[in-house]
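Novice: Please read through the structure below; I'll follow up with questions.
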Amino acid sequence: MEQQESSTSSSSYTSRAIALDTATSVSSTDSSASSSSSSSPSSTDSAGYGYDAESGGAAGVIIEASNITVKVPAKKSLLDKCRGRPGTDEIVLLDNVSLKLVPGELTMLLGPSSSGKSLLLDVLAGRLPSALESSGSVLYNGMELDPSDVMAISGYVQQEDIMLSDSTPRENLHFLARLSLPSTMSAEDRGARVESVLNSLGIAKVGDTLVGVPGLKRGLSGGERKRANIAQSLITAPQILYVDDPTAGLDAATAETVIVNLRKLAKKNNMTILASISQASNEMLHIFDNVMALAGGQVAYSGKLLSRTALVPGDDETAHSGSSSASTSASSSLARIQAITAAARAAGMGLPDSSSASLSQAGSLQLDEFKGHRPSPIVKLAQLVKRNIMLQVRNKQASWARAGQMIILGFLIAAIWYQIDRGQTGGLDRAGLIFLVTIMLVFSGMHAAVTLFIPERAVFMRESQDGLYSTVTYLAAKVIADLPFQAAYIALYVFQVYFMVGLQAELDKFLIFTGFAYQLSLFGTWLGLLLSAATGDSDAANALAPGIVLPSTLFASFLVKPESIWVGIRWLRYFSFMKYAFNGVLINELKGLTFTCDASEAINGTCPVPNGQAVLDLFEAEEDGNIGFNSGILGVFMALFLILSYLALNASRKR
């Protein structure tokens, strides 16, 4: 019975899977795109994910939005509040916006900067930030849906090309397929889906090329990056696709190629696609089925553009010439939008809601198949760990830098304290060494974490907002994947320092020293993760780090004795994580150690510092507890930083 249910669910899912174009050419003309949409569709692709032979296409969704209004509370300046000046209580960002989108059509959402384009996409996609207040209704095939249901049937392509630089488009899609497609789907079917998506956007040939970083790390071109970014939202075969400014930063030819690909997707798969555009050439305008212009949060125009020469008054000649230079582009200014609006309406075009599509032409909403048979949290955790390990292995520059740092700093410390003696200064020398080691390990781990996490933060926010995994799963995967790499770096460091300095050659003491070093490195890493999650900026995170670590260092008992601290703030030393780290390592090294002195150093025939216990008493290292206690308290601080990291990440994904 269970097997039959699983088979039925998989069949239901594949019946509405996207019918992706397997042609490798992405420079098709508008006429070829239209002809392909009208030709008889293929029954299935190689994986069985194509048009239904009887219905002739995938299920479509009609979107009807009515009187969408979005407001945000206005903030008065302190001066206005003091003077009691009246002010508006709220700012209207979208004002009674209505629209109708039908399947199989590509609609342009045109408008200048700050006109509300991205905000309208957020409303329709169920992603409106909680801080904003909205009213109005959005119906999907005549039904109101919860945001989670809207996300289940739609894809959302953000303006920024959010991808991991050390991964490839094919790897990204395989990862997304494993986490977003039903667990009942076989690996072969998932692989076929990935290849279909790559082929549909013409990036199969660069599927194994690293994404790279423009200007820094060689990788995909601008147009390839844009299409690879769009591909990430197609892996679930959505019925609706929202695209935020897909032509931003592209030249005219590349931008037109991207738009042609979107229109082909809409036609072949009966998808409802809405793309916001800030600037569009005359040629690009002609590719779209419908245009909706926003200005100041209001609809300036909505409808079809049937005539190319009527788009821009006075530009007939350049429109026919096919030029796509900046001089012939449709400006994103309000005046330009008004000119397009006036010209289109003068030609009798563009009546609002001009589409004649009815609900009878739309298919059913495919919701149930997304809510069952999702991969388990364990599967998601395993996939995230696998990806994190792969990224660390590929990031050779960061890996070699961290390893080199450990080797060089370890060698310098070992050279300065080389074969430290057991004379009267031996205790203080060891205390100075341990104090420096604890600080260095924390800062080293912290800086490495900031460097690695900041580029990943945007990817986490996109994937978590898409519902691929929870914050807990992501954080657990980061921690697990990092453990073996931290162990390798610490081994490079400890083996140099411990034996070249000449610390106690006992196995248990060596293992405890290594354990504390490992704990401190992880502590610094998780502190860096917290600061990165909270700020989202590497400069800000690195600037905040000393403000957290250095005050804790002041209370570590090495720089000043506890009784010398003003009584009003002396209690703060119990919140010093560096204090517990320093005390734990110091007890491990000095316990059971004896020191020698010559006759000139002896007082009444007795060495002033006879053993390590005298040094421990000087620093009051055992005041709070033994080695296990100090390690345990340090572990509590580590857990606290992880919890705070979770809260910061969770807050950032909801903004």
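Please read every residue number as a count from 1 along the shown chain.
Each residue, glycine too, has its Cβ placed from N, Cα and C.
This is the feature table in TrEMBL:
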- 24-47: compositional bias 'Low complexity' (COMPBIAS)
- 63-321: domain 'ABC transporter' (DOMAIN)
- 24-48: region 'Disordered' (REGION)
- 400-420: transmembrane segment (TRANSMEM)
- 432-454: transmembrane segment (TRANSMEM)
- 475-498: transmembrane segment (TRANSMEM)
- 510-531: transmembrane segment (TRANSMEM)
- 627-649: transmembrane segment (TRANSMEM)
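Tell me about the surroundings of these features in the structure.
Specialist: Long-range contacts of the transmembrane segment (400-420) within the same chain: residues 426, 429-430, 433, 436-437, 440, 444, 448, 488-490, 492-494, 496-497, 500-503, each at least 6 residues beyond the stretch ends and with a Cβ under 8 Å from a Cβ of the stretch.
Within the chain carrying the transmembrane segment (432-454), a Cβ under 8 angstroms from the stretch's Cβ atoms is held by residues 392, 395, 398, 402, 405-406, 409, 413, 417, 420, 478, 486, 493, 497, 501, 516-517, 520-529, 531-533, 536-538, 541-542, 545, 549, 553, 556, 558, 578, 581-582, 585-586, 589, all 6 or more beyond its ends.
Here the transmembrane segment (475-498) has long-range neighbours at 381, 384-385, 388-389, 392, 399, 402-403, 406-407, 409-411, 413-414, 437, 441, 445, 453, 510, 513-514, 517-518, 521-522, 525-526, 529, 642, 645-646, 649, meaning same-chain residues at least 6 beyond its ends whose C-beta is under 8 angstroms from one of its own.
Through the fold, the transmembrane segment (510-531) approaches residues 437-438, 441-450, 453, 478-479, 482-483, 486-487, 489-491, 493-494, 498, 503-504, 540-541, 544-545, 548-549, 577, 581, 584-585, 588-589, 627, 631, 634-635, 637-638, 641-642, 644-645, 648 of its own chain, all at least 6 residues removed from its boundaries and within a Cβ separation under 8 Å.
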